[in-house]
Amino acid sequence: MAQVTLTNVKKIYAGGVEAVKGVSFDIPDGGFCVLVGPSGCGKSTLLRMVAGLETISAGEVSIGNRVVNQIGPAERDIAMVFQNYALYPHMSVYDNMAYGLRNLGTPKDEIDKRVKEAARILAIEALLDRRPKQLSGGQRQRVAMGRAIVRKPQVFLFDEPLSNLDAKLRVQMRVEIKKLQRSLGVTAIYVTHDQVEAMTLSDKLVVMNGGQVEQIGLPAEVYKKPASKFVATFIGSPPMNILPGTIDGPGIVALGDAILEARDVRQDLPAQSPVEVGLRPEDVEIASEGAAGSLPFDVEFIEELGATQLFHGQLAGLPFVMQAATDEISAHPGRIWITVDPDRVHVFDVKTGARLGRG
Amino acid sequence: MVEDRRLGDAIAYIILSIGVVIVAFPVWLTFVASTWDAATIINGKLPLYPGPYLLENYNRVLFIGTSGTTREPVLGMMLNSFIMAMAIALGKIFISVLSAYAIVYYRFPFRMAAFWIIFITLMLPVEVRIFPTFKIVSDLRMLDTYQGLALPLIASATGTLLFRQFFMTIPDELLEASRIDAAGPFRFFKDTVIPLSITTIAALFVIQFIYGWNQYLWPLLVTTKDSMQTIVIAIKKMIVTSDALTEWQLAMATAMLAMLPPVFVVIAMQRLFVKGLVETEK
């Protein structure tokens, strides 16, 4: 259908506030791109600039090789699903879906065909005569999606579409959105602050913070090699442990008294230079007491999650969390010994927070 | 507990009934007076039950007119009042919906200045600006016309304020969804804003129709011909007579007739209120 390209896109508000500070990336045709970040990071503004609901202060947005900076939202060939669905409350479900097509002058039988088709795909055929007020949250969500589908757009834009749903429905709709996008083959941009949604939906993950892109990549890449301390702590649940450490030699970092091997770290860092060491709770393994390379971990309390447990405590005098399968150890506070795969030790610059990896 | 509640209910009903009697009794008395002949009323022995002259009195008032005071039959005056009230109500709604839409949804220079100027006119009702308004209407040769009756009363800020407050509660996402759905400003207005405003429009219509119907001072100034009199003026003329007996039975019949259109408007619009409420409740 269409590829979307953003080139150095900026949003500067009248007061001089820079909400988006020069963002560039592109989404291949049929790709599913998720913009994720904390609130106020500029992700929604960026999406609205792609939609044409916000003017673009600088830079260029193109959809399908056509620069759309000066083109209105209706002519951009996009469809958007809003956080609160934005269904027209006074129109029936059918009219909600047909409204945009009618405005574009689509022939009546074509509208009817497309609405019925979308209703069939989304299993809302029985609801076509109802008003939005008579629908449940999940049904409204489907209608909002239906309104997007009937337009057969080149790009779907989703602005936190699942945040008004309860947890169970959210998981279900997440799967459906992904399936739908795959089967229709439409390029999608999806904004969320939920990192689980971001990881599961995307085939291109854009992590944003403070109006800037922190990292772009496949979700697995972003998870395994976070480009900065921000990404490392934002992606992953529970968040990565960040501990202050020092370089103790090539590929060796020291956490207080303990020594840890790290493979993915720049070799040219001078000894004793301070760094921040990131360890994911789920990458930590339990070792036997005094095993080679093991660290002492004083467990203070344990959270039961069913399949896994979270151990909260102190590592080398600093707060630390680890995750372990329920049957792995007996769950009671006290000192245990842990090891970490040297491939899964992340080292970040103290000042910039950038990853100090092997390039 | 049950007995306590019954007692409470009984007290509530008694108080409400007293209230109803207080409000309804003068209306009943007016109705009764309109069904007797002049002699009975002037004797000061008006019974509390309707008399035999109902058809005669109403027929005379509606189609023939009083003997001296108003000259024209009341039917024509009711028509005048109705045209004026409708023009005021519809004109106000038309102007205030459009101005509120402009103020809420358009970004133009001096937008807030325009809003405040409209707002300030709240302090300038017709009674305050009556001389300049009369001068303008007279210069425009609109004395004794329906335009002259209605136009100066159409200009008011209340409707604009009401619709502005209402429009600001319409979520921005609806506007954005409309923009994506290829609806321009006029389509958004026609397809989304107006349908959502129906109950507000109905409420404003009721208030402004009654406001227009009850106008006294302004119609008194701008109408000189008998054929342009409104019913409120007619009642006043019938009651205050200097050199003749007040025809109370006719004045009361006119008063009863003057009450009817506002009552019908309220009843008709009430159904729309309920309809609107029921639809949003679902």
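Glycine residues also receive a Cβ, built from the backbone N, Cα and C atoms like all the rest.
Residues or ranges marked as transmembrane segment by TrEMBL: B:12-31, B:82-106, B:113-134, B:146-167, B:188-211, B:248-269. The domain 'ABC transmembrane type-1' annotation in TrEMBL covers B:78-269.
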What parts of the chain pack near the transmembrane segment (B:248-269), using Cβ distances under 8 Å and only residues at least 6 beyond its ends? 27, 30-31, 33-38, 41-42, 53, 57-58, 60-62, 66, 74, 78, 81-82, 85, 202-203, 205-206, 209-210, 213-214, 231-232, 234-235, 238-239
Same-chain residues near the transmembrane segment (B:82-106), Cβ under 8 Å, at least 6 residues beyond its ends: 114-115, 118, 146, 149-151, 153-156, 158-164, 166-168, 175, 185, 188-189, 193-194, 197, 201, 204-205, 208-213, 215, 219, 230, 261
What else in the chain is close to the transmembrane segment (B:113-134), if you only count residues 6 or more beyond its ends and a Cβ gap under 8 Å? 99, 102-103, 152-153, 155-158, 160-161, 164, 217-218, 221-222
